[in-house]
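A.B. asks: Sharing the record's features from TrEMBL:
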- 27-141: domain 'Plastocyanin-like' (DOMAIN)
- 152-302: domain 'Plastocyanin-like' (DOMAIN)
- 433-567: domain 'Plastocyanin-like' (DOMAIN)
Amino acid sequence: MDFSDQNVSVLEAWPKGSVTRCYELKVQTASIAKLCKTSTVVNVNGMYPGPNISAREDDRVVVKVTNRTPYNISIHWHGVRQRLTCWSDGPAYITQCPIQSGQSFKYRFTLLNQPGTLFWHAHISWPRATVHGPLIIYPKQGVSYPFEPPFEEHVIVLGEYWLRDIQDLERHVKESGGGPPSSDAYILNGRPGPLHNCSRDDVYTVSVTKGKKYLLRIINAALNMEHFFGVANHTMTVVETDGEYTKPFNTSFLMLTPGQTYNVLIEADQPIGKYYMAMAPYMPAKNVPFLNKTSYAILNYVTHTKSIASPPTVEVDKLARKSCSRRSMILYEPILPNANDTESVQAFADQVKSLYPNQHWSPIDVPLKIDKSLFFAIGLNVFSCNSSDADRCQGPNGGIFAASVNNITFRRPRVSLLNAYYNNLEGYYSTDFPDKPEKMYDFANEAPNNIGVDTQPAIGTRVSVLEYGWAVQVIFQDTGTVGTENHPIHLHGFSFYLLGTGLGNFNSSTAVLNFYDPPYRNTVGVPVGGWAVIRFRADNPGVWFMHCHQDVHTTWGLSMAFLVKNGKGKMQTLPPPPPDLLPC
């Protein structure tokens with residue numbers, strides 16, 4: 001295969017990285033047997049989850065993606081800040097046209113100042129349910145972790161599994177106007193665990209040796225569900241989240257929204273035996289159907305294990321088949337919070353802080369003077385249904401579900417926004433995305449969707465324009481127009497400082513914000529009926545998607561885009577597109 005990059009038109013100053021690592025991903029369909037049924041799913045390189053892409057900080061990565069399915073596809077490198085490589089970010093119709101059946105496209109980017117656990121996934125409609133995999137970035141050669149090196153590392157990808165074809169499921173949700181049915185199982189590294197039908201042996205197992213320390217890289221790649229995670233009888237020490245080091249803290253559980261990652265250390269300090277690793281749903285929204293069931297993997301103490309070389313390159317599905325030299329009949333279960341335990345979720349989130357303080361010698365650089373302040377009201381809406389077919393009007397009160405930011409439901413354009421911007425194509429988007437809601441009201445307390453306050457959304461492809469280098473603050477406010485819930489908001493092209501979250505309506509005079517050691521994240525869970533405040537510096541030119549990482553909400557329109565203008569000089573200017581950029 002030819003991964004040659006020689007003909008790519010790039011700036012002379014384009015960051016190339018010290019080492020170039022080349023991968024090939026083949027997106028294809030395959031039969032898979034789970035939960036007593038054989039289904040056809042879209043996967044990558046015959047693996048589910050997909051293969052691990054590994055690199056070191058500052059490496060250049062080239063990934064050739066070939067689409068062997070009958071569907072359109074694109075791949076997003078979730079959490080990669082894509083410095084001057086906006087064309088490789090991946091969201092379909094935002095930075096590229098999709099890779100059509102039979103086509104290939106090379107993604108090229110440099111992992112500047114980014115060690116940690118990220119992941120890649122499909123970013124067009126709902127194939128992300130099965131098209132995803134880890135992206136592990138190790139420190140530079142000779143640079144150690146800011147904690148004691150573990151004996152071994154393991155990646156655990158959390159997901160959801162449907163027996164129904166995911167393309168048909170998405171089509172049904174769009175045509176019905178209603179909500180999605182719950183998944184049939186939650187899965188850990190593609191395995192539902194022993195308590196599901198026909199799944200006694202479909203269990204992911206991590207083998208450990210007593211007295212050793214292990215690093216677990218936890219990724220929530222679930223389509224629509226937030227999840228708790230815990231290990232029975234073992235304390236987890238959080239050391240990283242969203243690819244950024246944190247001050248270590250101990251916890252008995254994690255709560256990960258879709259799109260979030262956590263690295264935790266555990267000590268194999270318990271009696272020889274088997275211990276469940278569990279994932280269970282967090283669902284604070286009222287009257288929303290979901291699978292209220294726990295899935296399990298197993299942490300199995302054995303007498304001998306073989307250390308994995310660092311950086312490990314073993315595929316995640318092969319880790320699941322490691323042999324066990326000692327077995328135990330006792331299984332210990334972790335205690336996780338209840339599905340609607342928002343108080344525990346908020347207490348957990350408040351413990352996450354950056355490893356570094358905001359001082360002149362620190363890599364933390366929280367903008368203190370703001371150039372652009374935005375207030376984004378986010379949540380669900382309902383359109384009136386004009387169809388005489390009741391099967392197409394299954395939203396609340398016979399309507400059609402929608403979602404919005406500042407009461408604007410995002411409409412996907414017919415060409416990529418980045419291409420339209422770069423080539424000055426008119427008519428595909430407007431630059432009038434509102435800085436705040438048109439009407440202010442009691443957002444958190446279930447304001448009605450059409451009564452008293454008109455919250456039926458407008459539809460449009462609007463972007464918010466930012467000057468290069470601006471310090472931007474965004475206040476996210478969950479709304480109760482249909483019902484409050486936790487919204488995982490992901491920003492492409494940047495990480496941001498999460499200054500604070502809270503419940504209720506945001507109040508600048510009472511909100512407690514952290515300017516000293518705020519975590520640096522790419523996905524924030526805006527609390528149910530609550531708020532979150534982030535800040536970032538708009539120093540990466542291009543068009544950058546911002547959306548809820550529950551795919552059904554993105555489908556309904558809970559998204560928007562930032563257009564960051566060029567600055568001065570080569571390193572502040574959007575480079576031209578690669579020559580193999582695909583047409584729509």
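Here the Cβ of each residue, glycine as well, is placed from N, Cα and C on the backbone.
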A.B. asks: According to DSSP, how is the domain 'Plastocyanin-like' (27-141) divided among helix, strand and coil residues?
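C.D. replies: Computed counts for the domain 'Plastocyanin-like' (27-141) are 6 helix, 58 strand, 51 coil.
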A.B. asks: I'm checking region-level scores; what's the whole-number mean pLDDT for the domain 'Plastocyanin-like' (152-302)?
C.D. replies: 97
A.B. asks: In the domain 'Plastocyanin-like' (433-567), how many residues does DSSP call helix, how many strand, and how many coil?
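C.D. replies: The composition, in the requested order, is 6 helix, 56 strand, 73 coil.
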